[in-house]
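Visitor: This is the structure, below, for whatever I ask next.
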Amino acid sequence: MACGATLKRPMEFEAALLSPGSPKRRRCAPLPGPTPGLRPPDAEPPPLQMQTPPASLQQPAPPGSERRLPTPEQIFQNIKQEYNRYQRWRHLEVVLSQSEACTSETQPSSSALTAPGSPGAFWMKKDQPTFTLRQVGIICERLLKDYEDKVREEYEQILSTKLAEQYESFVKFTHDQIMRRYGTRPTSYVS
């Protein structure tokens, strides 16, 4: 089987390589402005808003004409809208984190271990774990210790029962051996 690798040409060179009279069609250039795929992976996207694109982007270009690039004013407006959206998003993030901090400071520390269904747990977020990692470790240690104690008691009971059975069989075997060896002879102090 043959395997081949191909490289795509960058879009900026296509305009220079293809003349308007060329039989090949020109590839669409990407829209100017912010690209949605270039956000940092840990950042949450700002809330979606309905925006109307600029008038130059709404009208399709006739088939034979070149596509116009946005004017510096349109680029400035796009950047300004994106910056305002980013500021609102950051403001919401700060307000939410402050309200969470205030809520957790006003609650008593004893309610941190309440069950999720109890009335004292209404302030907890859904994503917040009920127990910390240390508390889970302590709970697991206690459960393992209790289970180990239970198994140990059960083992001791079974072992003592088996030992008692073995002792009884030993006594019976010894009694049978003595009776078989000496049979009907009377026992004496000197044997």
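Backbone N, Cα and C define each Cβ position, glycine as well.
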Visitor: Identify the motif 'SYVS motif' range according to Swiss-Prot, selecting from 100-103, 164-167, 168-171, 188-191.
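Guide: Checked against Swiss-Prot: motif 'SYVS motif' maps to 188-191.
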Visitor: If I go by Swiss-Prot, the feature motif 'Nuclear localization signal' sits on one of 23-28, 77-82, 107-112. Which?
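Guide: It is 23-28 that Swiss-Prot annotates as motif 'Nuclear localization signal'.
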Visitor: How does the model score the motif 'SYVS motif' (188-191) in terms of mean pLDDT?
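Guide: Mean pLDDT for the motif 'SYVS motif' (188-191): 65.
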